[in-house]
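First the structure, in the form of structure tokens, and then the observations on it.
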Amino acid sequence: PTGCEEGAVRITDGLIENEGRLEVCVDGVWGSVCDDGWDKTDAHVACQQLGFSELEPEAYFGSKFGVSIGPIVYSNIKCGGWETSLDECAKTNYVNFTCPGDRIAGAFCLDGCRNGDIRLSGYNQFEGVVQICVDNVWGVISGESWTYGNSLVICRQLGYDKSRPDVLTYDTKNYNQRRAVFLSNVTCNGIESSLGDCDKILYPLNVAKQLAETTDEVAAVACISWTLEQGSSSMTILTTVTQSSESTSSVWPTLAAQNKFVMFGSKVRNYRKKRRLTSRPLPSIQLTNVDARYQTVNEDDDDDNDDLKN
């Protein structure tokens, strides 16, 4: 037994998170569904149960996403479309039918976002992987040649008008979401109001799904504003993030007490490319109103203290 929750559903083995073979937890084991009687109404209930939008999904047949190693647990599912879970739909359980392995049901679920909308997927609301909506699917952007100008436009579109962003990329091996790569070669001057005003290559969904398998890095940003003040015996780092003219609350107010260390500016990108880092504390640093997540300082960098002054 896998210990899954009875009646839970998942879609698996698709190229992206929105699609895959439908599986249901029965008696603590994940099992698949025979495609006899499977249709868009049934897929709609499954997608709703998974938290996707109410938009009409695609129903797939003929084991498009392969065969489960588990049992085939249901067949002839008949939903009315109003149910909140597949458990509430009429169906035939596995003791009362036979189904060949090439007749497994699948689904493609939609996110219900608007074309061109962006959001950050990360540890907080102002830092993370950049996601963009194309045709009701949240996807990502290739991190190759991602620039400060691009990051500036992303933060502006999100409402961080006074941000001086950090340029980040995430290794897709460590980014545990399977997302279509809709954009590459993004080139912003930094003055645009939204990503839609920048030069870029936009891929159709079928290509974007394939790129999810081959892209090594995806674009990310941290929308941070820095103010540095020199004191007589210490330096105070004041960080504020403005969104819609309101400052966010402190995320890690006890950062200094937790003996964290700081990395500034462009060094973040080197970290994301898996450069080996070692930690050492900076001298006499007080952290005030900390609204960002920081990384460690590279021992090889001789100009760390200069970064604080610039």
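Cβ atoms here come from the backbone N, Cα and C positions, even for glycine.
TrEMBL annotations: computationally assigned, not manually curated.
Annotation comment: TrEMBL describes C79-C89, C188-C198 as disulfide bond. The domain 'SRCR' annotation in TrEMBL covers 9-110, 118-224.
Location within the structure of each feature annotated in TrEMBL.
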residue: C79; record: disulfide bond; Cβ within 10 Å: 23
residue: C89; record: disulfide bond; Cβ within 10 Å: 18
residue: C188; record: disulfide bond; Cβ within 10 Å: 21
residue: C198; record: disulfide bond; Cβ within 10 Å: 18
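Cα separation, C188 (disulfide bond) to C79 (disulfide bond), rounded: 47 Å.
Counted with DSSP, the domain 'SRCR' (9-110) comes out as 16 helix, 37 strand, 49 coil. In terms of DSSP secondary structure, the domain 'SRCR' (118-224) contains 23 helix, 44 strand, 40 coil. C198 (disulfide bond) sits 44 Å from C79 (disulfide bond), counting Cα to Cα.
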